[in-house]
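*Asks:* I'd like to ask you about the structure that follows.
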Amino acid sequence: MLSLRVTCLILSVASTVWTTDTEDKGEFLSEGGGVRGPRVVERHQSQCKDSDWPFCSDDDWNHKCPSGCRMKGLIDEANQDFTNRINKLKNSLFDFQRNNKDSNSLTRNIMEYLRGDFANANNFDNTYGQVSEDLRRRIEILRRKVIEKAQQIQALQSNVRAQLIDMKRLEVDIDIKIRSCKGSCSRAVNREINLQDYEGHQKQLQQVIAKELLPTKDRQYLPALKMSPVPDLVPGSFKSQLQEAPPEWKALTEMRQMRMELERPGKDGGSRGDSPGDSRGDSRGDFATRGPGSKAENPTNPGPGGSGYWRPGNSGSGSDGNRNPGTTGSDGTGDWGTGSPRPGSDSGNFRPANPNWGVFSEFGDSSSPATRKEYHTGKAVTSKGDKELLIGKEKVTSSGTSTTHRSCSKTITKTVTGPDGRREVVKEVITSDDGSDCGDATELDISHSFSGSLDELSERHPDLSGFFDNHFGLISPNFKEFGSKTHSDSDILTNIEDPSSHVPEFSSSSKTSTVKKQVTKTYKMADEAGSEAHREGETRNTKRGRARARPTRDCDDVLQTQTSGAQNGIFSIKPPGSSKVFSVYCDQETSLGGWLLIQQRMDGSLNFNRTWQDYKRGFGSLNDKGEGEFWLGNDYLHLLTLRGSVLRVELEDWAGKEAYAEYHFRVGSEAEGYALQVSSYRGTAGDALVQGSVEEGTEYTSHSNMQFSTFDRDADQWEENCAEVYGGGWWYNSCQAANLNGIYYPGGTYDPRNNSPYEIENGVVWVPFRGADYSLRAVRMKIRPLVGQ
């Protein structure tokens, strides 16, 4: 075997050498005999672990490139990895689809559930609104019934009081008549009078009348619950996103949403009511206003024995029934209000008549040529509200217990001379303790028929008529006209239009004072026995005198001329060149005194966004302490400033800081648009009327020489209506650096962006003092004549 292998090896070598050395080797090579193909070379296992293989060429295939089995293994491994990933993604996709389907189903179920809940809630809201409105209506009916019963109780109190007065007067009249008989009656009738029992009854009745029967202010007006649909449920920034939302989410917009608002009439709250939109529809609305700390009362019912209102332009003495503005009436008592009373209407009030505690005469024990008669009539006014000043047609009252009295004395001296030249001289003098006017001289004339006459006494007691006829037949008819005349205090409070009338001044600090009204008549007769026969043909010469005070021009004149003028209070004035007498509040304590209050804001209870006519006539009310909100009236401002005046503006912020500004001041006539003329500023608040706002520009914000503007009569320099935007009548330019008639915002600083619909600084502002976005707590405007006038 070994030899065979050696032989094969030798043959192979020989064959190779022979082939190389042959001459035909070119033909062999040309036929491809010398070409070698690639040889498969198995690499070591360690060489296949390399991962960075370059591109393989034919020359590099054997010693660098991996084998096909290795490549297939790598390909299979990568394919398996990708397959696993794809399967994992498919499983996740299936899970997400299943979860999405479940979530959609759950969302639809939730939306259906919420839709049902919203529908039920909407029904509940509607039911709640109806029930609350029905409850409010029933409470309102109950409140009106309570007020009606209170008025009936007051009427009964008035009747009881009048009956007590009549009983006491009857007792006094009987006693007077018995004592006037001078012997004959005293022998026939032995009688004693006890007035202490009546005084005790009077005190008890006064205590009963003093009790407050009407609801308090916080219970006087029930808040109203208003429900309205929300217009924009989805904010504008989310509306675009809602378009891309699923249909079930869009169903939320179809659900109706309601807004509930609690409105309190006459208060700043859920609905303030003094915005331009609200006030224009109710520019003459009635608001219950009174000073802080005062007891609440019905706006048109001052309460039992209340002193009532002073209405500029009204005159008349106490008339039976209702007392209407601008009407006059005869003596009487009864309801006193702006309209006829009706159950629950809160207008009208049965007020007890002013007491007149009787009439008596005193005669001496011996006869004399001259006879003296005294008529004593005392008038006591017990009120549940101090003296008040009412401007315009507002129905406002302020309470506080006070008793005021008025004392007047009328003396008549009658002299009759001898029989041959008999004549009668009558001298009449009317005086009062406080120097006030006592009214017309004819009010207490002897020719009036008095309620305490003998005729009336005989009518009340017919069983004693024979006694009076027998014993008093010879008495002069003049002696029969005893009694008293009921004189209601309403003629004092409403007769301010007549120049002859005078409103007595009461000290605002006094709470109780004693009063009596005396009428003294003296007759001197020369021949009493034959007076009836000779009196028919006598010639009568009557001289009647009456002392009348000159009407005061303003508060400074009140300070100089009236005894009670040094105290703050309400007084009656008559400006020069005017035939109108009206009532004003005088401040006699500030600076030199003599200040006349023309405007005041203190609690935001009164709406100042009024019409031109309202600002012309004035509106609002004040009590005798100067508490309340009001505007005196542009007509009165023009009359009071014709001769030049000083304007004082007093400001107070919510921290208690005070400031003032004073100007030379004049207001033009209505034909001039009530143009404002101001100059000569001095003070601590800053010059807002002449200089205006420096930042906004004086030419745009100065109020000097500007006409008065209201929302229904635009006279400003702006292309729009400043009064409508800023919420009150004022002397606007384009538009303001001060506005004391703006909207009252409690708390001071306010955000104008919340002031719908104008989003502007429309508060009670004085820009140099606290800025345009700060609404002041209290402001007052006062005037007085220039020094030297």
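Backbone N, Cα and C atoms are what each Cβ position is placed from, and that goes for glycine too.
Below are the features listed in Swiss-Prot for this protein:
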BINDING   D714, D716, W718, E720  Ca(2+) binding site
COILED    69-554  coiled coil
COMPBIAS  397-416  compositional bias 'Polar residues'
DISULFID  C408-C438  disulfide bond
DISULFID  C722-C735  disulfide bond
MOD_RES   S46  phosphoserine
MOD_RES   S447  phosphoserine
REGION    263-420  region 'Disordered'
REGION    526-555  region 'Disordered'
SIGNAL    1-19  signal peptide
*Asks:* Measuring Cα to Cα, tell me the gap between D714 (Ca(2+) binding site) and C722 (disulfide bond) in whole angstrom.
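*Replies:* So the Cα of C722 (disulfide bond) lies 8 Å away from that of D714 (Ca(2+) binding site).
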*Asks:* Around C735 (disulfide bond), how many other C-beta atoms are within 10 angstroms of its C-beta?
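*Replies:* Total other Cβ atoms inside 10 Å, all chains included: 24.
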*Asks:* What three-state class does DSSP give C722 (disulfide bond)?
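*Replies:* Reduced to three states, the DSSP call for C722 (disulfide bond) is helix.
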*Asks:* Within 8 Å of the Cβ centre of D714, D716, W718, E720, which other residues of the chain have their Cβ, at the recorded Ca(2+) site?
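*Replies:* After dropping the recorded site residues, what remains is S709, Q717, E719, N721, C722, A723, V725, Y732, S734, C735.
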*Asks:* Round to a whole number and give the Cα-to-Cα distance in Å for the pair E720 (Ca(2+) binding site) and C735 (disulfide bond).
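*Replies:* Counting only the Cα atoms, the answer is 10 Å.
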*Asks:* Let me know how many other Cβ atoms fall within 10 Å of the Cβ of D714 (Ca(2+) binding site).
*Replies:* 16
*Asks:* Counting Cβ neighbours within 10 Å across all chains shown, tell me which of the binding-site residues D716, E720 comes out on top.
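*Replies:* For the binding-site residues D716, E720, the Cβ with the most other Cβ atoms within 10 Å is D716.
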*Asks:* Near C722 (disulfide bond), how many other Cβ atoms are within 10 Å of its Cβ?
*Replies:* 28
*Asks:* Please report the number of other Cβ atoms within 10 Å of the Cβ of W718 (Ca(2+) binding site).
*Replies:* 15
*Asks:* Give me the Cα-Cα distance between W718 (Ca(2+) binding site) and C735 (disulfide bond), rounded to a whole Å.
*Replies:* 7
